[in-house]
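Everything below concerns the one structure shown next.
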Amino acid sequence: MAADKVVRRRTSSFFSKRRVRKEPEQYEHFEDVIEQVDPLGRYQIFACFCILFAQIEWTGNLSFVNIVGSTEPDWNCHLSNGTIATIPQPAKDHCHIIKENCSKLSAVEGSADFKSIVASFQLVCEDANKPQIINILQSVSLMIGAILGGHLGDAFGRQFMFYVCQLGICITSCLIVASTGWQGFAAAQFCNGILYGIVEVESLTMLMEMTSDQFRMIPNACFQTNLANVVVALIAFLTKDWQMFFVFLNLVNLPTCMGFMLWHESPRWLLVKGEIASACDVLNDLTDKRWNGTEVKFTPLNLQKIPQDTSKKFYSFYDLFSNRRFAKQSMLQIVSMITCAIVSVCYMRVIREFSGSSILIVFLDGCVRLIIPIIIIVADIKFDSFTRRIQFLLALSLMGISLLIAMILVICGVPYQNLTVAIIVTFGAMINDSVLWMNIIQVTTQRYPTVIRCCAFGSVFCAKHIGTIIGILILPPILDSDFPGGAFLVPLLLIMVTLVLGIILMPETKGKALLDTMDDVDYTRVEKALPKALLKLATIHRVIQQENQKKIDEENKERYDEWKRGLREQPGNSNVAFEEGITDSE
């Protein structure tokens, strides 16, 4: 009897120890999760490659009218007596001759390096403002798309609307090819702009949320138009015709649609919205061997401590000004993006008047843009002292100096089409379009929580397109006036205002973790990223542990079964463990 009690006590003690459940690893912040996934793995690199490829089609559509699409040829003036007179470009200097003497006007074949919509639709004299109208319509449509993309992305997710609109861009691009007049071309570009406005906001938000602060500049730089401009210039050089240009542009776009099918919804957004099971599916696919290969497995229990938005509120632009901190940051971001847009318009208007091949200008523009993002990425990763605030203030200072020198030269009598002025303005524009733009995107990502991050990007892109419209309406008349230096004074004043606001309002965000909910007030929290070697070691250790546990279970399976049978045969409460459903694996 005593022996039975000893056996019962020992057996019960053995199972009481095994009944202590091992809690799964708990992640309190998404930064810890993304480190387990790998913040710059094969998936992120693939996504960046898709964006670089897609930028070819996006840039070709949206910047076509700015330079290549507005190339003006020489003109054949068909006189009433049957003879043909040649009128050199620009036709605006000969409008009275064209109006009085030409019964028909046609472009001289081969007189320009590219047959543009100006040549096909004869957009000269009374119709000379039509490219400008197309540009304004594009900016309005992009603004509408940014508003829609911001609200829809935060409410219903980033991935679905992004992919649907990307497919829509394929259709509208085909409609552009079929255009027989400037009205049809403008209508197709308007639809294209709405879709791209949504795509731009959704895709940028997804990529920014899929990596850590250390590497976030890399996907940020992929939205630059450097490589895209090089390829666009090559397509224009080979096709020589605007319709063939868009045909080949659409062919280039087809592989990206297949690549985008492999994109996942942002797991960060899924977690914040409480869709933990879906987030686990996404994360487990990313850690699989076919992608990042860390082979970490996530369960809902791992992620339940990550903050969630329980309000189920529909967020809007209003929430960007819902408290003092958001209001100050929103004002700075909007003013900064308007400044960025107007400087870009100033640059475009200067170089399009520069004598030379329009295709070569686009090619050189892309080549120059390649250099600065690489420098910024390396400096941002390698030097902790190269902070976001320093980047912002340094970029504005260099831009201001460049435009000030250009303005002084023009005031002193140097034509703004002069090579020296063009080089100086180009330097300032490259700083503007690369350093300042990337900084605005980076700070916007970090200063707004996940629940309104799409709205935040939508607002800054709205500001950008408003700035573009203002620049298109204001700067060309000033350049053609008796005081062309005023076209540099306008962006210079905006740069000074933005610089002052930046000194007062710009916080330091480098190394700071992203916010997730509106209630998250710990906006100074620093990311504590594990080194990759340590992360790999921890993963290997976990795999070895799992294999050892499996081996132990297999070796002792018969003993476990024997103990189970012994406990079932004993009276009393010694079989409580089985009544609770405890399995061997637990």
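Glycine is no exception: its Cβ is also placed from the backbone N, Cα and C atoms.
Please treat TrEMBL annotations as automatic predictions, because they have not gone through curation.
Record note: among 11-34, 563-586, 563-586 is the stretch given as region 'Disordered' by TrEMBL. Between the transmembrane segment (452-475) and the transmembrane segment (331-351), three or more CB pairs separated by 6 or more residues in sequence fall under 8 Å, so the two stretches touch.
Here the transmembrane segment (357-381) has long-range neighbours at 67-68, 70-71, 113-114, 214-215, 217-218, 221, 224-234, 236-237, 351, 391, 426, 430-431, 433-435, 438, 510, meaning same-chain residues at least 6 beyond its ends whose C-beta is under 8 angstroms from one of its own.
Non-local neighbours of the transmembrane segment (422-440) in the same chain are 217, 220-221, 224-225, 333, 336-337, 339-340, 343-344, 346-347, 350-351, 354, 365, 368-369, 371-373, 376, 388, 391-392, 394-396, 398-399, 401-403, 405-406, 409, 460, 488; each lies 6+ residues outside the stretch with a CB under 8 Å from one of its CB atoms. With a cut-off of 8 Å between Cβ atoms, the residues of this chain six or more beyond the transmembrane segment (160-179) that come close are 54, 57-58, 61, 145, 149, 152-153, 185, 188-189, 191-192, 195-196, 198-199, 202-203, 206, 243, 246-247, 249-250, 253-254, 256-257, 260-261, 263, 265. Sequence-distant contacts of the transmembrane segment (331-351) (same chain, six or more residues past either end, CB-CB distance under 8 Å): 66-67, 361, 365, 392, 396, 399, 403, 416-417, 421-422, 425-426, 428-429, 432-433, 436-437, 440, 443-444, 447, 456, 459-461, 463-468, 470-472, 475-476, 479, 487-488, 490-491, 494-495, 497-498, 501-502, 505-506.
For the transmembrane segment (393-416), the residues of the chain that approach it from at least six positions outside its boundaries are 339, 343, 346, 350, 353, 424-425, 427-428, 431-432, 435-436, 439, 479, 484-485, 487-489, 491-492, 495-496, 498-499, 502-503, 506, judged by C-beta separation under 8 angstroms. Here the transmembrane segment (133-153) has long-range neighbours at 62, 65-66, 161, 165, 182, 185-186, 189-202, 205, 314-317, 454-459, 461-462, 465-466, 468-469, 472-473, meaning same-chain residues at least 6 beyond its ends whose C-beta is under 8 angstroms from one of its own.
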